[in-house]
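J.: Take a look at the following structure, please.
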Amino acid sequence: MKSTSSASAGASGASGVSSVATASGTSGRRRLTAYQYAIETLRTEILQGKLKAGDRLRQDDLARRLEMSTTPVREALRTLVSEGLVFFDVHRGAVVRGLTIEDVNELYHLRKTLEPMMAEQAMATLREGDIANAEALHAEMLATSDVVKWTELNQAFHAALWASQDNSRLAHLIKTLRDASGPYIALSLHMRPVHVDVSNREHRTMLEEYRARDVDAARRHTQAHLDATLRIIVEAIEQAEAEAANE
């Protein structure tokens with residue numbers, strides 16, 4: 001399997017912050033800091049299945065392979081932990097987290113049960129400021145081409161619509177499930193970038209439903225939105241597994 005970009009990195013200094021790598025892509029060549037090169041390379045290798053579930057990520061080994069100091073590698077691993085792609089084991093250190101169809105099916109089964117309930121509850125206490133915040137976030141989502149930033153904005157968009165229910169038990173349960181879904185969303189966007197445009201259109205429909213206080217439509221659309229996202233994620237997992245097997 002071929003990486004989406006090819007890159008070469010020079011050895012970094014003690015901090016690794018001032019060093020740069022050069023990456024080529026469809027938009028031409030661009031210069032990256034050592035940290036940026038490390039995070040983009042490792043994230044891509046995890047999402048494409050080159051680094052597999054359960055693989056240990058040793059800082060020294062990665063630093064040698066990427067030709068940089070351990071500092072930017074350590075920072076990249078911390079970012080990957082925050083994205084849910086890596087976890088720290090007390091005995092093994094940084095480990096690639098597994099993304100499985102069974103796990104994502106369970107996550108989305110729970111979300112499809114709870115999020116339509118949240119749509120109904122939030123609609124009853126919805127404030128104009130909540131809609132205004134969601135609309136501003138939606139505008140940012142339309143404007144960005146950065147998938148990681150879009151994913152963060154997507155989380156914030158839904159949180160804005162449900163802000164009036166922030167302190168409910170239901171909100172806390174949904175946040176846990178949505179956080180756990182993060183790596184799967186990242187994989188689906190990596191393998192199917194067009195999903196961003198589809199989701200942006202669906203979010204515009206959601207805004208119209210919330211502004212109209214149309215509870216039934218919001219419940220149906222929330223369910224359909226989750227169903228569509230799950231199908232894309234499953235396809236992305238199957239594609240990543242097939243490509244990794246054919247390397």
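Placed from the backbone N, Cα and C atoms, the Cβ positions cover glycine too.
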J.: From 1-23, 47-69, 162-184, 208-230, which range did TrEMBL mark with region 'Disordered'?
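T.: Matching range for region 'Disordered': 1-23.
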J.: For the domain 'HTH gntR-type' (32-99), what's the mean pLDDT in this predicted model?
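T.: For the domain 'HTH gntR-type' (32-99), the model's average pLDDT rounds to 90.
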